[in-house]
Amino acid sequence: MYTGQSDHRPEGVGVNPGSPNVMEPGGGVANGAAVTPEGHYSHAPSSALQAVKKNINHMSGLSLGLRVSEFVLSVIAFSLMASAEQNGAVYSTFTSYSFVLAINVLVALYAIGQIILSVMPLVSGSAPKKLYLFITFGCDQLSAFLLMAAGAAGASVAMLINRKGVIDDYGSGCIDGKITVFCAHAEASIAFTFLSFFCVMISSYLGVYNLAPYLIL
């Protein structure tokens, strides 16, 4: 029946009987899914990159354990070397032993910083930044090289003392027992230096694993 009222709709508004969505003025959609404006696309990260970042987060726990080991081993190493003293013999008498102590102090400080930075991804659940991974890899390489050099230098001096002794001020050195405690502390410090070196090397290998996706993808 004609009621005298015309059915007027605002321009741009239409109803599709076969669709649950009703267009409203301004181009919106009522009772339906949101429409992405033309020219805008959602770019989801690739599944490969997502998997890699997930694995990196899982490796953060192992990395943290290695950092703690590096710190503990380096602290023990420089503590033993600093306490190496007997009958006037001290670590500063030998340049290589001073080098061992100095490098272990540096590595211990570096490990503290890495422990703090390693906790952050575990707490936040986010993947480390690419720049951080590159810097960490370089620092790990440098730390490993310095620890290896210090350990090798200290080991060569320890072998020289054990085989030929130190004739000048300490009799026959470790042979006649005048500085056996000094020798024992120095040798133990060198051993812990090498253990710290191996932990840093493993951390460096993990750094390669973490960096690989950013270099390939």
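Glycine is no exception: its Cβ is also placed from the backbone N, Cα and C atoms.
Residues or ranges marked as topological domain 'Cytoplasmic' by Swiss-Prot on the basis of sequence analysis: 1-61 (among others). Averaged across the topological domain 'Cytoplasmic' (1-61), pLDDT for the predicted model comes to 50.
According to Swiss-Prot, the region 'Disordered' annotation covers 1-21.
If you look up Swiss-Prot, you'll see 1-11 marked as compositional bias 'Basic and acidic residues'.
Per Swiss-Prot, transmembrane segment is recorded for 62-82 (among others), and the stated evidence type is sequence analysis.
Swiss-Prot lists 83-98 (among others) with the feature topological domain 'Extracellular', giving sequence analysis as the kind of evidence. Within the same chain, residues 150, 153-154, 156-157, 166, 169-170, 178-182, 185-186, 189 sit at least 6 positions outside the topological domain 'Extracellular' (83-98) and bring their C-beta atoms closer than 8 Å to a C-beta of that stretch.
Annotation source Swiss-Prot lists transmembrane segment at 99-119 (among others).
What Swiss-Prot lists as topological domain 'Cytoplasmic' is 120-141 (among others), and the listing cites sequence analysis.
Positions annotated as transmembrane segment by Swiss-Prot, on the basis of sequence analysis: 142-162 (among others). Residues of the same chain lying 6 or more positions beyond the ends of the transmembrane segment (142-162) and with a Cβ under 8 Å from any Cβ of it are 94, 96-97, 99-100, 102-104, 106-107, 110, 173-175, 183, 186-187, 189-190, 193-194, 196-197, 200-201, 204.
The annotation topological domain 'Extracellular' is assigned in Swiss-Prot to 163-187 (among others).
As annotated by Swiss-Prot, transmembrane segment applies to 188-208 (among others), with the evidence given as sequence analysis. Beyond the ends of the transmembrane segment (188-208), by six or more residues, the same chain brings 59, 62-63, 66-67, 69-70, 73-74, 76-78, 80-81, 84, 97, 100-101, 103-104, 107, 114, 133, 136-137, 140-141, 143-144, 147-148, 150-151, 154-155, 158 to within a C-beta distance below 8 angstroms of the stretch.
Summarising the annotation, Swiss-Prot assigns topological domain 'Cytoplasmic' to 209-217 (among others) and lists sequence analysis as the type of evidence.
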